[in-house]
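Database features, via TrEMBL:
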type	residues	note
DOMAIN	34-262	domain 'Orotidine 5'-phosphate decarboxylase'
BINDING	ASP40, LYS62, THR159, GLN227, GLY246, ARG247	substrate binding site
ACT_SITE	ASP93	active site, for OMPdecase activity
ACT_SITE	LYS95	active site, for OMPdecase activity
ACT_SITE	ASP98	active site, for OMPdecase activity
Amino acid sequence: MSSKSQLTYTARASKHPNPLVKKLFEIAEAKKTNVTVSADVSTTKELLELADRLGPHIAVIKTHIDILSDFSEETTNGLKALAAKHNFLIFEDRKFIDIGNTVQKQYHGGVLRISEWAHIINCSVLPGEGIVEALAQTAAAADFPYGSERGLLILAEMTSKGSLATGQYTTSSVDYARKYKNFVMGFVSTRSLGEIESAVSSASDEEDFVVFTTGVNLSSKGDKLGQQYQTPESAIGRGADFIIAGRGIYAAADPVEAAKRYQKEAWEAYLARVQG
Ligand code: S5P
């Protein structure tokens, strides 16, 4: 596990050079939550209701904005207002995966205008280093009316059965994160990746990537389509800084009670980790 995993979010916030990561750690500490809810619902009304009800218990809301049947500016204006009201960040799980020229257009512009409202995005590095460079360029060049901080998580591993995001793919994810560390906040991965030897540069003392771990569920081991789950405690124990839970929360009979349960379990696991 990365040596930074033993530090509190406050300690990491105080030293972190990236303002968005700093803000994320500060939110976690202020609200005592390291939960990201994956709000994979299909209408704007459901999404905004969920964001408002779960807002006090989450640090980040993760969207798949293209699965909404009625996406409009009302969706993103509503999300931005709720992010300000409840102090959480917005992560659009678009998983960019294309040549640089295409992802720049997908990130900035188009019908979704993701760069204007999503603090955090993610990408696969299957296309190679150029995808990270292209997204970083777009974020640096744009003048965002809504908050200025933007960050990228590299999808370094996947939770689905038989995932091919392993070995050289994962090592290269770490290489590119180190090379573009002003824009890359960290990884979506199932564990801390800090120890992976990089061809680009070796890990420095200041290196502090944030690990988001998805595939978290308290009552299920997986689904019929290959999703594989672990518990919040197990994810945090393997080095997750933030857990991502979808159906475990939004599909529960009482999503607010479920969010509180994930919040409690993940926060206690974090406290146990930093108290050594
Ligand atoms: O490896 C991954 C990466 C991601 S971002 N496995 C995943 O499941 N995800 C996403 O996390 C997935 O797209 C979905 O939005 C969420 C998991 O949802 P759940 O309902 O299975 O918790």
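Every residue, even glycine, has its Cβ placed from backbone N, Cα and C.
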Length of the line joining the Cα atoms of ARG247 (substrate binding site) and ASP93 (active site, for OMPdecase activity), in Å: 15
Pairwise Cα distance maximum in Å, substrate-binding residues per record: ASP40, LYS62, THR159, GLN227, GLY246, ARG247: 17
LYS95 (active site, for OMPdecase activity): tally of other CB atoms within 10 A of its CB: 14
Three-state secondary structure, which DSSP defines for ASP93 (active site, for OMPdecase activity): strand
Recorded positions near ligand 1 among ASP40, ASP93, ASP98, GLN227, GLY246, ARG247 (Cβ under 6 Å): ASP40, ASP93, GLN227, GLY246, ARG247
In the chain carrying GLN227 (substrate binding site), residues 6 or more apart in sequence that have Cβ under 8 angstroms from it: THR159, SER160, LYS161, GLY215
For ASP98 (active site, for OMPdecase activity), the one of ASP40, LYS62, GLY246 that lies nearest, given that the binding-site residues are compared by Cα: LYS62
Nonlocal residues around LYS62 (substrate binding site), in sequence order (Cβ under 8 Å, 6 or more apart): THR36, VAL37, SER38, ALA39, PHE91, GLU92, ASP93, ILE244, GLY246
List of residues, in chain order, with Cβ under 8 A from that of ASP40 (substrate binding site) and at least 6 apart: HIS64, ILE67, GLY246, ARG247, TYR250
